[in-house]
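Here is the structure we will look at.
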């Protein structure tokens, strides 16, 4: 593993100015192209979320603590997608010179906008008091625990650190900073509450998982990787920030979950990310929530049952009978693990 020297003038091949960046074909990175097609096939819109029964659960089935917890989680999510998009639009889209990756980033921006719209719609639906609603919509300024997470992510946008470091940082945002909140909402699904919220959580967590996978894939294209010590420090910082948010400032105890188990789950997610980046585990923590594995399997099954017809309709999943072998890399295969 060749390590990064910040004083070096070396430029990664995927960041070098590329005169062919405006033309897509021929595909030079088929694995990145497949990832883009995979993202394209999972497209959805906020109007698909049925919130019809959520208000009843919100008013009559949730406790004050549960409402407080959910509203603050939604406030963080509503701001975080905008932060991710800020980075994509102002840094990554212009830095990365390969068109296949730009296709993915362009679509990711659209999906993050849908996420942001969905979270804003959820807050708009559940929160009736205007003052409370305004506070949640401005959470990165008004709520300290959310402000701290936002500042961690924002500093990487304007930072002069290497592309590799910033790529890993935003993989940590999507792979670690979202993990505790996603898990807590799945806990509500396990209890049969808030069907609209939990369905949107399924869709969004799937999307963010794919975005994180893409960051890891792009990292493999870098010739000079980060020193393991740099990776460990970044990941530990992100883990501590997420633990403080979901186990202390906004404790999952409020919704009946165990903070110690949640802390372990965050470490498990961090280890999964580190391994995907090509490094050794840091925490060696197992998944304390077996039901999260079951939800993942159910999500994959239900997703395909409901969406395959739509793929065929748009031609995304269709492989022509006469397609040549060298074009097969551009076909979405529906046995991929979402």
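Each Cβ is built from the backbone N, Cα and C atoms, and glycine gets one as well.
As given in Swiss-Prot:
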ACT_SITE  119  active site
BINDING   81, 112, 115  Fe cation 1 binding site
BINDING   112, 174, 208, 211  Fe cation 2 binding site
Neighbours of 112, 174, 208, 211 excl. site residues, C-beta within 8 Å of centre, Fe cation 2: 81, 84, 108, 111, 115, 173, 178, 207, 210, 212
CB-centroid shell, 8 A cutoff, Fe cation 1 site 81, 112, 115, site residues removed: 80, 82, 84, 85, 111, 113, 114, 116, 119, 204
